[in-house]
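Encoded as structure tokens, the structure appears first; notes follow it.
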Amino acid sequence: MSPQTETKASAGFKAGVKDYKLNYYTPEYETKDTDILAAFRVTPQPGVPPEEAGAAVAAESSTGTWTTVWTDGLTSLDRYKGRCYHIEPVAGEENQFIAYIAYPLDLFEEGSVTNMFTSIVGNVFGFKALRALRLEDLRIPPAYSKTFQGPPHGIQVERDKLNKYGRPLLGCTIKPKLGLSAKNYGRAVYECLRGGLDFTKDDENVNSQPFMRWRDRFLFCAEAIYKAQAETGEIKGHYLNATAGTCEEMIKRAVFARELGVPIVMHDYLTGGFTANTSLAYYCRDNGLLLHIHRAMHAVIDRQKNHGMHFRVLAKALRMSGGDHVHSGTVVGKLEGEREMTLGFVDLLRDDFIEKDRSRGIFFTQDWVSMPGVLPVASGGIHVWHMPALTEIFGDDSVLQFGGGTLGHPWGNAPGAVANRVALEACVKARNEGRDLAREGNEIIREACNWSPELAAACEVWKEIKFEYEPVDKLDVK
């Protein structure tokens, strides 16, 4: 370019570095119904003002970079940039702030959780000006959520397929999770289903290993399902894990499951990836398969309170990507989960409309419109003494999954399943009669022991088993 020639793009261009807050901190901004809203927990480096830190997050997760570039003049930054529109200190924490950021909808590809996360939780998490950064919540506008299929079927369709109403569903993860042959694995599946469970489950790391190849497992589990159905008169299922090293192999396994006529398959959605998960969800919708989702690897992302991403965000992402069940913690078992916080994201999974409620960790009102709901799965270190609390906490629209709490029964797998089914039926009956499960739970279980020797034996084995540790991730002090 000659010294005399000046383009429109270069007319107002001045090279150099500007403070992010000059362009990306806009407290006067009024959010739009179509904006994706994010709440970030920001811990700035010493000497970095919170406004600059919040603006940096908005910039680096949208249109900004570390220096002024002349190509800024070739587009409308005001139209496309993220905006930090509010910052508030975190009560009880030093040098932590919640930064609220609004993103224009045009920044995101329709129907792609992958693209949404690549922007919002991409490189910005390694930004040096921040000591730590955590995405606490997202508001997904209906204009964006309607571009997703969501769960393949949803809660009501699943109940209709299974012909099971008015109670939580019961499951069991087959143990040991690794090392069984396919035939012995199928035997355990049959015994649990015959004893009264609705589902059994592959553990998250059961894929296709030398001791048990996936096709053999699928065949023996299908045989177990059909035999148990014939003997009990109930529809049964086993979560056949279709997770694989490639999307093509994953779909091949799902196709084989469909050919066997089983009702449900499974996917590890975080280790498998959102693109693979969405592909499988579309296949399941088109072919009548339910989809169970395991959240393996979630604690790497969500457990630390000041860095990463809260599970409520992963739960919303799963509902958009697609899944009929997802593991959600137990509150009372061996895995992380505070009660009010857990119930907050359980409602985000199941309900159509959820009001903002900071007492449960919900930062934004969320309207899912007509997107089907997801059944939360309570699993991990639970047994028959937990049944009243689980029934009271999670309600009917849930799956209560007992692995060791079924297979660890002193009389075997089928009696373990019987004990869990009897305990559940007793709790549902007591609740329907108006009894207080939280206060009378142990008494209800003891009464049921009088006519179920299987339950009595289970109660004796697990009467002293508790997991009383403080959760790492708790709600903020009010």
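Count begins at 1; order follows the chain as displayed.
Each residue, glycine too, has its Cβ placed from N, Cα and C.
Positions annotated as N-acetylproline by Swiss-Prot: Pro3.
What Swiss-Prot lists as N6,N6,N6-trimethyllysine is Lys14, and the listing cites sequence analysis.
Swiss-Prot lists Asn123, Thr173, Lys177, Arg295, His327, Ser379 with the feature substrate binding site, giving sequence analysis as the kind of evidence. Look at Arg295 (substrate binding site): DSSP puts it in coil.
Under the heading active site, proton acceptor, Swiss-Prot lists Lys175 (among others). Long-range C-beta contacts of Lys175 (active site, proton acceptor), restricted to its own chain and to partners at least six residues apart, with a cutoff below 8 Å, comprise Asp203, Gly403, Gly404, Leu407.
Here Swiss-Prot flags Lys201, Asp203, Glu204 as Mg(2+) binding site. Secondary structure from DSSP puts Glu204 (Mg(2+) binding site) in coil. Non-local neighbourhood of Glu204 (Mg(2+) binding site): Asn241, Thr243, Asp268, Thr271, His294, Ala296, each in the same chain, at least six residues away, with C-beta under 8 Å from its C-beta.
Taken from Swiss-Prot, the feature N6-carboxylysine covers Lys201. With a cut-off of 8 Å between CB atoms and residues at least 6 apart in sequence, the same chain places Gly171, Cys172, Thr173, Ile174, His238, Tyr239, Met266, His292, Gln401, Gly403 near Lys201 (Mg(2+) binding site), listed in sequence order.
Swiss-Prot lists His294 (among others) with the feature active site, proton acceptor. A 10 Å cutoff on Cβ-Cβ distances gives His294 (active site, proton acceptor) a total of 28 other Cβ atoms nearby, all chains included.
The site 'Transition state stabilizer' feature in Swiss-Prot is assigned to Lys334; the stated evidence is sequence analysis.
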Asn123 (substrate binding site), Cβ-centred 10 Å count of other Cβ atoms over all protein chains shown, is 11
Filtered by Cβ under 8 Å and at least 6 apart in sequence, the residues in the chain of Arg295 (substrate binding site) near it are Asp268, Tyr269, Leu270, Phe311, Leu314, Leu318, Val326, His327
Other than Lys201, Asp203, Glu204, the chain contributes near Mg(2+) (Cβ within 8 Å of their centroid) the residues Thr173, Ile174, Lys177, Asp202, Asn205, Val206, Tyr239, Asn241, Met266, His294
